[in-house]
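Visitor: The structure that follows is given in the form of structure tokens.
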Amino acid sequence: MARRLNQLRKSTLSTHEHLTCSSSILSSSSPRTPGKKAIKGDPIITGIRLRPFLDRESAIDDTPAVQIFETNVICTQNGRPQIFKFTNCFDSSANNKNVYDGMIRSAVLASLQGYNTTVLAYGQTASGKSHSIFGSSNEEGILSLSIDHLITMNGNHHLKFELSFLEIYNEKVTDLLATPAVSTEPSTTKSSSFSKNARTHILNKFACNSTRTLEIREHPLLGPYVPDLKYIQVKTKEDFQNVLNLGNQQRSVASTNANQRSSRSHAIFSVKISRNDVPQSTAKRLLFESNSTSNGKNSSLSNANNKKSVKQQALDELEEQSVRLNFVDLAGSEKSQQFHGSKGKNDRFAESVHINQSLSTLRNVIDALSRQQHHIPYRDSSLTYLLKNSLGGDAKTYMLATISPSSTVIDETINTLRYAGLTAI
Ligand code: ADP
Ligand code: MG
């Protein structure tokens, strides 16, 4: 595994060399020894983003309860100021590009160096998580800016990018790119190039697409994965935008059915980065297997004692060499409200139990990793279980905590700052 990841690192680094990139990560030391355990306090890079007032907030009270001065976040609660310190702070004048340049760009570079990398957006509902990740009609989000960067860096088409987009709602996983029986693609492959026809077909089918819950399984070498998750290969920014629109449309369909479900679900947008050139040894084994199958002869390895086929081994190796760059739009972190009336009360209660459980597990996992504890409680939530390979060990984690300036939600803002403070370096 270590040797193979190193191959990917070397290949991605040479991509950068072609582009004479002068980023600090790339130009500093050589990549960290792959496969090495995270060292104590291995950085979880944390940033705070204060958004501007919304009209409905300033109509009640337009005096900011939160202010940012350099690396200090100053909150005023009941007339009493509290100061929180963070390395990356973005005040209400910052746009998504500023956040990208100040913090997220290094996450993209880390993924290009062969590190599984995760960017988490944490905060209460309406604090600006989705705005930061996905952007708006007026500005691109950090996800789009990251894809831009990846595609520009891959001028020589050395790397392959495949996207997946899933939602975790009440601990259940739904594929946001799932297509109800799309016939325009060969059924033998899960990964496919995105075509306009397929998209039109999918969009037409949305109205009657009942969402299907997917299982999480654990591969002995590769860790947790979702077997039927769809991956779509993208080569251009337009391809990416189509995939994003597709997933977001699916997400909003689910929201209409379950009343603003998007703020009570986690969404994980993953970019799988792999090499376009298959290493010779792996290619040979893939060829060997397909020849032996087409000749009708059984490979002694593929059938004897139920052993894994040579082809499967080669495919696993390829999978091992790929790297994930994940963007996670977490569910709103606010404490559960009292719900009046019986309709929906149980649903909201179940939702808040699941959200609290997964967000506290996320914090426990990050905490246990930074303390190098023996037991890391990944399995305590679907979110952390799925992100297992992208949070611990040889991975980089970024957390962007978003907050509102309004005095009406100052208690939740302070909770967010405390949560992010526990994970900050
Ligand atoms: P969340 O995903 O945390 O629930 P949203 O991203 O949907 O919150 O943001 C809530 C509202 O605030 C949206 O109308 C969004 O456009 C606006 N908003 C959030 N962050 C910003 C920002 N940095 N600048 C301008 N408007 C923002
Ligand atoms: Mg949102």
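Glycine is treated like the rest: Cβ placed from N, Cα and C.
When I checked TrEMBL for this same protein, it listed these features:
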DOMAIN    43-425  domain 'Kinesin motor'
BINDING   GLY123, GLN124, THR125, ALA126, SER127, GLY128, LYS129, SER130  ATP binding site
REGION    288-313  region 'Disordered'
COMPBIAS  294-307  compositional bias 'Low complexity'
Visitor: Excluding GLY123, GLN124, THR125, ALA126, SER127, GLY128, LYS129, SER130, please set out which residues of the same chain place their CB within 8 Å of the center of the CB atoms of the ATP site, keeping sequence order.
Guide: ALA121, HIS131, SER263, GLY332, THR402, SER404
Visitor: Go through the binding-site residues SER127, GLY128, LYS129, SER130 and pull out the ones with a Cβ less than 6 angstroms from some atom of ligand 2.
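Guide: Checking each Cβ against ligand 2, the ones under 6 Å are LYS129, SER130.
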Visitor: Can you tell which of the binding-site residues (GLN124, THR125, SER127, SER130) has the fewest other C-beta atoms within 10 angstroms of its C-beta?
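Guide: Selected from the binding-site residues GLN124, THR125, SER127, SER130 on minimum Cβ neighbours within 10 Å: THR125.
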Visitor: Tell me which residues of the chain lie with their Cβ under 8 angstroms from that of LYS129 (ATP binding site), as long as they are six or more apart in sequence?
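Guide: For LYS129 (ATP binding site), the qualifying residues are ALA121, TYR122, GLY123, ASP329, LEU330, LEU400, THR402.
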Visitor: What residue among the binding-site residues GLY123, GLY128 has the most other CB atoms lying within 10 A of its CB?
Guide: GLY123
Visitor: Around the C-beta of ALA126 (ATP binding site), how many further C-beta atoms are within 10 angstroms, looking at every protein chain?
Guide: 19
